[in-house]
Amino acid sequence: MDKKENIRIFTGNLLNFLEIPNHPCIGPHLKLLGLTGLWHPNKNSPVTKFKRILFYVTVTFFCSQYIKCLFNIDVISLALILQYAPFHMGIVKSCYFQRHYKKWERLIIYMSSVECAQLADRRTDLIPIMNGYIKKSRRITYFFWALAFFSNFAIFSEPYQKNHVMENSTAVYTKIFDGIAPFNQEKPPGYYVSMVLQTIFGHIVSAYVVAWDTLVVSIMVFFSGQLKVSRLYFVQIIDVNSIEKSHQNIVKCHYFYTTLVRYQKMFNSLISPVMFIYLIIISVNLGVCIIEIAQLQDDIVTLVSSCLFVLACVIQLLIFYWYANEVTEVNNLVGYGIFESEWMQLDKSLQKEIALLGLITTKKIVFKAGPLNEMSLSTFVGILRTSYSFYTLLSKTKN
């Protein structure tokens, strides 16, 4: 057996290990959430309790930065918070997840029950749709995980590359986070102890970010896929040989679609406040990072790592808004499935039921970042414009 075959087998076994049969779409995400301690069906296990303690310690460390910045206003500390804002979003995302844990649990149970029931039916027209969106979810997830890995490697190696000695023999040591510590973090050995802690907590909160982000995107892909399933149900809603069977199909399709919409609204309520905070922070963060890149001189390594970080932020933003927009677009086509059916062959009473069902599908499904901002591609472009405006403002202020 050659080396390539061994690698292929190892990769296949690893990917299979990440799967959870009872959760077809979001199995790997629950594995990662479980690893971080955010997903904890078994609260009483010692491992879960340790992860919960580690979560509170991590939150405390990051909050100490805000306290330090608040009581001892320091431009450098504030710049660090703005520059590495996506890491700080991990605290917001994980805290909101824990606060609404029961709702997330209900949503995940609903998703898994729907998918398991559909897979158990073994319908030849349904399986390709499900396999299609599950594979899409996996491609997005593994790409995002790889992007996060390389971004973290670049970010956490950057401070050591920036450390230098000035002309007056004063050593300058760069940090990523600036939390409160009971020792001097400005010079060795305290600096290196501080960097070890920053690296550990940084990777933990990065795992929170990656787990939350890929879970959210995969749930968006789930809703998009299930809306395609809804359209298929609507196309096949009429049984010309049985009025009673047609009526039952209408009832089932109505229940399936309205339940899907209800859980979509619940999901939107879970992510909307976080996405609103993220919208504001990422707009500022991109502007600050571009300023940092523009000021770099003769430092190719730092330039590459900074550009990689900005690129990762933009891709992360695009993925959110692309797949949120896809759900809206797919939903706009669901109602067409009703009129692709043989509804004209029904009597007037059932035609009225079909018309009412069609009316329900005309309501627009959207995801929102806060009360006003729809998560669409136009909003994504607007965020990039805002970031550029902020960059221009900062450039003029510094000059």
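Here the Cβ of each residue, glycine as well, is placed from N, Cα and C on the backbone.
Taken from TrEMBL, the feature transmembrane segment covers 53-73 (among others). Only residues 6 or more beyond the boundaries of the transmembrane segment (53-73), in the same chain, are considered here, and those with a CB under 8 A from a CB of the stretch are 36-38, 80-81, 88, 91, 94-95, 98, 177-180, 197, 201, 204-205.
According to TrEMBL, the transmembrane segment annotation covers 79-97 (among others). Outside the transmembrane segment (79-97) by six or more residues, the chain places 36, 38, 55, 58-59, 62-63, 65-66, 69, 104, 155, 175-178, 202, 205-206, 208-209, 212-213, 270, 273-274, 277-278, 281-282, 284-285, 288-289, 292, 313, 316 with a CB less than 8 A from a CB of the stretch.
Annotation source TrEMBL lists transmembrane segment at 140-157 (among others).
The annotation transmembrane segment is assigned in TrEMBL to 200-223 (among others).
What TrEMBL records for 270-294 (among others) is transmembrane segment. Residues 79, 82-83, 85-86, 88-89, 92-93, 96, 100, 103-104, 107, 216, 303, 306-307, 309-310, 313-314, 317, 320, 367-371, 373, 375, 383-384, 386-391, 393-395, 398 of the same chain, all 6+ positions outside the transmembrane segment (270-294), place their C-beta atoms under 8 angstroms from a C-beta of that stretch.
Residues 86, 140, 144, 147-148, 150-151, 154-155, 157-158, 161-162, 213, 216-217, 220-221, 224, 275, 282, 285-286, 289-290, 292-293, 375-377, 379-380, 383-384 of the same chain, all 6+ positions outside the transmembrane segment (300-323), place their C-beta atoms under 8 angstroms from a C-beta of that stretch. Taken from TrEMBL, the feature transmembrane segment applies to 300-323 (among others).
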